[in-house]
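Trainee: Can you keep this structure in mind? I'll have questions shortly.
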């Protein structure tokens, strides 16, 4: 019992420590509000019109910054649905049999009705030993959260949360509004910073706040601009941070552009179809996080597919609908021999991509 108790104490201590970066950002944000709204706008600005304009614009950016930051922190990451979890009997088989063909057969049977297109580097079905589930496309296991996260991008210590399918849009808006917030502060604070620096204004308590505020805003603007630009590039290519470091592996091999549908569709996959919600931290992303449209460079004859533009869906035995996955239009000549998703009851003997490949081995990606 002692090790268990000490382990629980360590876990609680780690949970507390994980909040330190969030507390730091919150304190810095609170100080910046005091320094800008009080010391700069109310104390140092003499022009009433300038005060009003700066305070209105500042509070708008401040509100959007806090809102998007809050949503990024407290939106729970989405986990794979029950269709991807192994049944009790399948778990028993995996535990009873030695690793080998028996394990592969269990995974093949479990995955035959699931819309999974990606594989491990060795071509195996992506299976998580920790969560005991077959990983959906773009899903990864987070060692910090100790869960499989749908469309995991990365675990961010500054929000103490996993950034994935459920909150990636919020994270992007958080970066955007924090960058605008810092740029606005630096731009409107610059003239007062110069005047204090050259002793053009009296040496008051506001001097420290105004000068340090400019340094902090300028410093964060540089770091945020590079990070925001990088994630804009990721969105334009329909990649996650993990996929940028390691290209996704499909049945035919690696494909760095496997999920890219073109700039417009890539944007809409994150921000949604209704543009009125794009700048608001409300969930509007497309899909369910378990299945994603993909453009495959080469058609896999064993992999069922549906031409782009068709509204067909696939159903598993639990009546969970998954959208069909189109190929690139340049590969339309391959569609003549392609198969379509069918209900498991209609074709019980056929599996999904790679299910009949005896070379598949089970790996645990963490």
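Every residue gets a Cβ built from N, Cα and C, even glycine.
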Trainee: Quick check on the annotations: Swiss-Prot lists transmembrane segment for one of 16-36, 79-99. Which range is it?
Mentor: 16-36
Trainee: Same side of the membrane or not: does Swiss-Prot put residue 47 with residue 206?
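Mentor: Membrane side for residue 47 and residue 206, as annotated in Swiss-Prot: identical.
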Trainee: Which one of these stretches, 357-360, 361-364, shows up in Swiss-Prot as motif 'NPxY-like endocytic signal'?
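Mentor: The listed stretch tagged motif 'NPxY-like endocytic signal' in Swiss-Prot is 357-360.
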Trainee: Can you give the mean pLDDT for the domain 'DHHC' (126-176), rounded to a whole number?
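Mentor: Computed over the domain 'DHHC' (126-176), the mean pLDDT is 96 on the 0 to 100 scale.
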Trainee: So how many of the residues in the topological domain 'Lumenal' (37-47) end up helix, strand or coil by DSSP?
Mentor: 8 helix, 0 strand, 3 coil
Trainee: Take the C-beta pairs under 8 A between the transmembrane segment (48-68) and each of 16-36, 170-190, 208-228. Which stretch has the highest count?
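Mentor: Ranking 16-36, 170-190, 208-228 by Cβ pairs under 8 Å to the transmembrane segment (48-68) puts 170-190 first.
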Trainee: For residue 156 (active site, S-palmitoyl cysteine intermediate), which residues of its chain lie six or more apart in sequence with Cβ-Cβ distance below 8 Å?
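Mentor: In sequence order, 72, 162, 163, 171 meet the Cβ cut-off.
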Trainee: What are the helix, strand and coil residue counts for the domain 'DHHC' (126-176) according to DSSP?
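Mentor: Helix, strand and coil residues of the domain 'DHHC' (126-176) number 9 helix, 17 strand, 25 coil.
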Trainee: Mind checking which residues reach the topological domain 'Lumenal' (37-47)? Cβ under 8 Å, same chain, six or more beyond either end.
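Mentor: Hits for the topological domain 'Lumenal' (37-47): 54-55, 58-59, 188-189, 192, 201, 204-206, 209-210, 213.
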